[in-house]
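Colleague: Pasting the feature list from Swiss-Prot:
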type    : residues       : note
DOMAIN  : 421-535        : domain 'Toprim'
BINDING : GLU427, ASP500 : Mg(2+) 1 binding site
SITE    : LYS452         : site 'Interaction with DNA'
SITE    : ASN455         : site 'Interaction with DNA'
BINDING : ASP500, ASP502 : Mg(2+) 2 binding site
Amino acid sequence: MTREQQAYDESQIQVLEGLEAVRKRPGMYIGSTSSRGLHHLVWEIVDNSIDEAMAGFCDEIGVVIEEDNSITVTDNGRGIPVGIHEKMGRPAVEVIMTVLHAGGKFGGGGYKVSGGLHGVGASVVNALSTMLEVEVHREGKVHYQKFHRGVPAADLEVIGTTDRTGTKIHFKPDGDIFTETTVFEYDTLASRLRELAFLNKGLRIKITDMREEEKSDEFHYEGGIASFVEHLNRTRETLHETPIHIEGEKQGVYVEIAVQYNDGFTSNIYSFANNINTHEGGTHESGFKTGLTRVINDYARKHNLFKESDPNLTGEDVREGLTAIISVKIPDPQFEGQTKTKLGNSEARTITDSLFTEHFSRFLIEHPQVARKLVDKGLMASRAREAAKKARELTRRKSALEVSSLPGKLADCSSRDASISEIYIVEGDSAGGSAKQGRDRHFQAILPLRGKILNVEKARLDKILANNEIRAIITALGTGIGDDFDIEKARYHKIIIMTDADVDGAHIRTLILTFFYRYMRPLIEHGYVYIAQPPLYKVQQGKDIQYAYGDAELQEILSQLPDKAKPGIQRYKGLGEMNPSQLWETTMDPGQRTVLQVTLEDAMKADEIFEILMGDRVEPRRDFIQENARYVKNLDI
């Protein structure tokens, strides 16, 4: 972005409304009061520093998790204005900290481009913190003010002199609001800060954790999003050595795109608008996809790489094996939905499309060998898609009520209400038999799988759909897969993976999760996927039987037995060792069981781990195992 020395003082701070109701209804402002909402507080403060960086006035940001789980964020920007605000009659910094929708991002004067959740920013963090301190280095003086739950403890005061500029904010979230947790996750903060460093090339961001064992990371990438794509592809075999990097500006919209193809079968496209991850895509992403498909088809036609009778490659074909980052900086972003995850600006589509088309066309002409590889990969994907289409027809159910087309080994439930229905995907026929006998037939369906399903990370869709176990899963769930997926057609709102508590069981569970993540991801995003927790131990003392789900629970049960007791302890290796009534009581009875919901906090991290664990390359997997071996408690060997 170009640096323009604009006035950034108290006159640039606009006030829209007062700070009432934030403490009463925090979810309206930060999404939730769970761990996600807690971390959102940090992003609100960091986003203000990022706005300074995007305007060209800040190149260093620091985030510290203090010993008491409070947070300190520092930057070397211009410092929040401290002059008296004309309308409010209070220092501008106090207005920003205490008035909702007050800030330099509303009138277009202080910042041309900014992020932040609808600009609610610092005042919401202040309202939801037991304590917040702000220290501003500006015009040679250090200004300081402290707040409690959004209310100033004293007036802004000058506490010293300084030869630098910048802002330091220290806050402690309020445990009365964040009742679930007030403990910050280092990895959650670090992965987003790394993302922000990639998206703002040259910016240096440091995170430090002062709790138990001090650790820190520093993120600084001169390559920007091209470095980001290299980072995402580092465990994969790439088709061309360096990412294709494109940047340009039209009508005040700045577009930066980096793409690199690998030999995998899935695409990973991440889009951002003003540094905000647009999970649901939007106009910038669709503009990129349109341009990509058109350019590759035009190139292939012009260079006679297709037969004349061949149809054009589809978007799905040309995106196979693609890793791409699209980042736009736009003056007046229109985000659809309160969570800001879909960009709606129509100009972003045309500008992204035209800039990408122009640069990517030139790249293909200048690199004919790479162009040929991309077209060949698309053609192979097209053939696989046609084969998959035929295979898919075999798996498609004729209607949600027509049971005849369901897989033969599925023991369906009698309920047709998907919201109360659940399906257990069970490892092995013997456990499947026990589960069928032990279940509640009204709302519980059982689908036994024979052996291990295909590793979808290493296979194309046509091969995946030829696998009987996967076809049984697709047909039973009823949603379709990939681009045809429709969450409304889900026949069950709880899909519970139930495997043995050993290495093989864990492997089968990972294979099923890999399939869901790659081809039925909305099931995970909507919270439909669960993992059953069968007991590890059965403790029998006379006629009294208790079950333990882990070593700590086993020790607790044993400690409560009489001193001279000699209980029988059985460690379950497989589900088949339990009879139907035991399986129901321990693992399937909704009133007694424990099931773990599978959630998706960080799609990029999940993508990377699936690729490391399930992909072709051995080296990244070995490194991962060596790094994480110290966390293993029970080895099943």
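Just so it is clear, glycine is given a Cβ too, placed from its N, Cα and C backbone atoms.
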Colleague: My understanding is the cutoff is Cβ-Cβ under 8 Å with a sequence separation of 6 or more in the same chain; which residues meet that for LYS452 (site 'Interaction with DNA')?
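Modeller: Looking at Cβ-Cβ distances below 8 Å from LYS452 (site 'Interaction with DNA'), excluding near sequence neighbours, one finds ASP504, HIS507, ILE508, LEU511.
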Colleague: Averaged across the domain 'Toprim' (421-535), what pLDDT does the model get? Just tell me the whole number, please.
Modeller: 89
Colleague: Run through the Cβ atoms and count how many others sit within 10 Å of the one on GLU427 (Mg(2+) 1 binding site).
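Modeller: For GLU427 (Mg(2+) 1 binding site), the count of other Cβ atoms within 10 Å is 26.
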Colleague: Calculate the distance in Å between the alpha carbons (Cα) of ASP500 (Mg(2+) 1 binding site) and ASN455 (site 'Interaction with DNA'), and round it to a whole number.
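Modeller: With distance taken Cα to Cα, ASN455 (site 'Interaction with DNA') is 18 Å from ASP500 (Mg(2+) 1 binding site).
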Colleague: Distance between ASN455 (site 'Interaction with DNA') and ASP502 (Mg(2+) 2 binding site) at the Cα atoms, whole Å?
Modeller: 19
Colleague: Looking only at C-alpha atoms, tell me how far GLU427 (Mg(2+) 1 binding site) is from ASP502 (Mg(2+) 2 binding site), rounded to the nearest Å.
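Modeller: Answer for this pair: 12 Å between alpha carbons.
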Colleague: Taking 10 A as the limit, how many CB atoms besides its own sit near the CB of ASP500 (Mg(2+) 1 binding site)?
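Modeller: Around ASP500 (Mg(2+) 1 binding site), other Cβ atoms within 10 Å: 22.
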Colleague: If you draw a 10 Å sphere on the Cβ of ASP502 (Mg(2+) 2 binding site), how many other Cβ atoms land inside?
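Modeller: Neighbour count, Cβ to Cβ under the 10 Å cut-off: 15.
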Colleague: Could you put numbers on the helix, strand and coil content of the domain 'Toprim' (421-535), residue by residue per DSSP?
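Modeller: The breakdown for the domain 'Toprim' (421-535) reads 56 helix, 21 strand, 38 coil.
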